[in-house]
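Undergrad: Following this message is one structure expressed as structure tokens.
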Amino acid sequence: MQWIIVMLVLFISSMEMLTQNRWKKQVSASLLENCTGCVLCSEDNGCITCHHRLFLLIWRDGIRQYGMCVHTCPPGYFGVRGLEVNRCTKCRSPSCESCFSRDFCMKCKDKFYLYKGQCFRQCPPGTAAQPGTRECQETCEPGPWSEWSACTHESRTCGCKWGVETRVREVPEAAREERTACPALLETRRCRMKKHCPGGE
């Protein structure tokens, strides 16, 4: 009877060891998957430090924090290289898809327009939405029209029945520097000329 009990205890303990070994193998396998590119890795939190060319991406799931080493930061993050660790830092604005720094957006998510590093649902006053680039471009407000020029035809001011006269308006310096799209800056219209030139020219 004692022999049967001893054999039973040995069998149960060997089964427990086998189960523990399997669990350890599964943990180490999943740890290796989560620790790709890691220099230091935690079973609970994934990567802690990465190889020098990679970025450490940290995200939260409830109260838990996980780390992963990546070649490029995902949308909504930008890479910051440091002396000890390179990190993926989250863009401050949730409507920003990619950013240059925490507060300067370079591309906005759908349904948003980019203007001076910020994302807007509607472009601010004085700007117009560019659907192709999803950016807000400053609208150009040129100065007043000049007086109409003299009526000419092929550089002559008389001797023909019809000619053309033109007028122009200036663009503000700021709009010229930013190459803002402006409305018409030159207008022409048909005009009647003096058929006979003075002195019979």
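Just so it is clear, glycine is given a Cβ too, placed from its N, Cα and C backbone atoms.
Sharing the feature lines straight out of TrEMBL:
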{"type": "DOMAIN", "residues": "35-136", "note": "domain 'R-spondin Fu-CRD'"}
{"type": "SIGNAL", "residues": "1-19", "note": "signal peptide"}
Undergrad: Tell me, roughly as an integer, the mean pLDDT over the domain 'R-spondin Fu-CRD' (35-136).
TA: 88
Undergrad: For the domain 'R-spondin Fu-CRD' (35-136), jot down how many residues DSSP puts in helix, in strand and in coil.
TA: 0 helix, 55 strand, 47 coil
